[in-house]
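Chemist: Structure incoming, see below.
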Amino acid sequence: MLTFALTIVRHGETQYNRDKLLQGQGIDTPLSDTGHQQAAAAGRYLKDLHFTNVFVSNLQRAVQTAEIILGNNLHSSATEMILDPLLRERGFGVAEGRPKEHLKNMANAAGQACRDYTPPGGETLEQVKTRFKKFLKSLYQRMLEEHGSSDQCSASSSGPSEPEQPVIAGLASDGVHDVPVHALIVSHGAFIRVSVRHLVEDLQGCLPAGLKMNQVFSPCPNTGISRFIITLHREESNPRAARIQCVFINRKDHLDDVKNSD
């Protein structure tokens, strides 16, 4: 088996975020000044961690955020950044470029909750989840191919032992002290929300003590950070997670000194 850490970061603020306009996939905007500050703050917060793998949505707000994070990192500035369209934001169809309030009105007119409503031409939540599942499968395969011969993998091949709960002390290194393989993902708010829900609900990820489900499914702020520890079974055709441990969700401690980060 192979255990690795997965840290998920939402991109920094854009002007569309500030103006409460939907971007989705069709509106490819850069970071605002505040977004640059947020990404730099996230980079400083994560600077002492070593990311062995980095996967980023190919929309520029995510790419810029990842570049700034890696530029501030003491150990991962040379790590290859893989741009993956599977990590793009949820497509909002005809609602892209329009105020979020417009989407709410469309959902109300259809008699649906806004988070469950799919505007014409947009992606359903199930389609977004399918996209994440496809990414997750390729991630598992890559991690085993690149790191599956590590000492920890061979040492655990005799069978799983009872996993220890990660130490959570409010530090950037929470959960990763003894986990040398660490993947960073930079993506988008709606996509991250669906992804976290899949990891926790569908794949039965374990939650840390005191974390409530309404916190798990709350919107991720710009450059909010979530972390999971995943242990993989080595299976040739279809690697799968033997255990998923959530360490924290939507952490934003690094934003305390960033102006206008709400």
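Cβ coordinates come from backbone N, Cα and C, glycine included.
Automatic, uncurated: that is what TrEMBL annotation is.
The active site, tele-phosphohistidine intermediate annotation in TrEMBL covers HIS11. If you look up TrEMBL, you'll see GLU89 marked as active site, proton donor/acceptor. Here TrEMBL flags ARG10, HIS11, GLY12, GLU13, THR14, GLN15, TYR16, ASN17, ARG61, LYS100 as substrate binding site. TrEMBL lists 150-161 with the feature compositional bias 'Low complexity'. Per TrEMBL, the feature region 'Disordered' maps to 149-168.
Walk me through where these features lie, including what they touch and how far apart they are.
Modeler: HIS11 (active site, tele-phosphohistidine intermediate) counts 31 other C-beta atoms within 10 Å of its own C-beta, drawing on all protein chains shown.
Long-range Cβ contacts of GLU89 (active site, proton donor/acceptor) within its own chain (separation 6+, distance under 8 Å): GLN23, GLY24, GLN25, SER57, LEU59, SER187, HIS188, GLY189, ALA190, PHE191.
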Chemist: Would you mind checking how many other C-beta atoms are within 10 angstroms of the C-beta on ARG61 (substrate binding site)?
Modeler: 28
Chemist: Please find which two of ARG10, HIS11, GLY12, GLU13, THR14, GLN15, TYR16, ASN17, ARG61, LYS100 have the most distant C-alpha atoms, given that the record lists them as binding substrate, and give only that distance in angstrom, rounded to a whole number.
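Modeler: Across ARG10, HIS11, GLY12, GLU13, THR14, GLN15, TYR16, ASN17, ARG61, LYS100, the two farthest Cα atoms sit 19 Å apart.
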Chemist: Let me know how many other Cβ atoms fall within 10 Å of the Cβ of ARG10 (substrate binding site).
Modeler: 30
